[in-house]
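Chemist: I have a structure here, written as structure tokens, and I will follow up with some questions on it.
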Amino acid sequence: MFDHDWDGSLVLQQGYVSIFLRSATMALLATSGCVLLGFPVALFIATRAPTWRAVLLVLVTIPFWTCVVVQMCGWIIVMADNGLLNRVLAVLGILRGPLGLLYTDIATLVGLVYAFTPFMVLPIFAALDEFDWSLVEAAYDLGANRGAALLQVIVPGCRSGIMAGIGLVFVPALGSYAIPSLLGGNHAFMVGNLIDFQFAGGRDWPLGAAMSFVLLAVVLLAMLALRLTSILQRQELAHDVA
């Protein structure tokens, strides 16, 4: 993060800072996408019959059956300039030239959301599985519509699962290496790629180790913030009940 200037003073390396900020931004966007995608999926599974729940949960865990490299290679086939998505759009007349989606931030974000959405679905489903659905019926009896019941009853009721999912997604997304390397290329350099470069390409192991500790500190601070937020929410809930 810092380097010595010509006069021996410490100088902040703006490039490293921008990569760390970029990684945090991508991790936050990926986490938000996983919440928006994972919550409806978990809610749909939780409201199905027990037999269908088991089948749907197996489908959710399919990405775990293969390594992330194989998954991203599949997305390369889909998002390449001559890939499946480009050809479908060309046949429909929507696109006349290459889409140019591969090796962009959007491609990296798609890969992150795809890879980590199961980590969001499972804890939310676990929270919904223990949810007292009679509270929703009571909300309907009191005149609440579906939107109000969802936002004021169901979402607060599975808040612990959402917070757990955020932690499970944000941490690996922040230090992700394979996904930005395969889908983003040099245009989506993240902190995991930077650490790998310091060890493999730059042969600067001390700097790579220092960056690893900085990443670890950021992750610990994020987990601490999530923990404190969960504690405060529980205290507010207990105060409202009292």
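Using N, Cα and C of the backbone, Cβ positions are placed for all residues, glycine too.
The following feature annotations were taken from TrEMBL:
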DOMAIN    20-226  domain 'ABC transmembrane type-1'
TRANSMEM  20-47  transmembrane segment
TRANSMEM  54-78  transmembrane segment
TRANSMEM  109-128  transmembrane segment
TRANSMEM  207-226  transmembrane segment
Chemist: Need a quick answer: max count of Cβ pairs under 8 Å to the transmembrane segment (207-226), which of 20-47, 54-78, 109-128 is it?
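Modeler: Highest pair count goes to 20-47.
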Chemist: In terms of Cβ proximity under 8 Å, which residues at least six beyond the ends of the transmembrane segment (20-47) contact it?
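Modeler: Distant Cβ neighbours of the transmembrane segment (20-47) are 53, 56-57, 60, 105, 108-109, 112-113, 116-122, 124-125, 128-129, 131, 154-155, 158, 161-162, 165-166, 169-170, 173-176, 180, 188-192, 214, 218.
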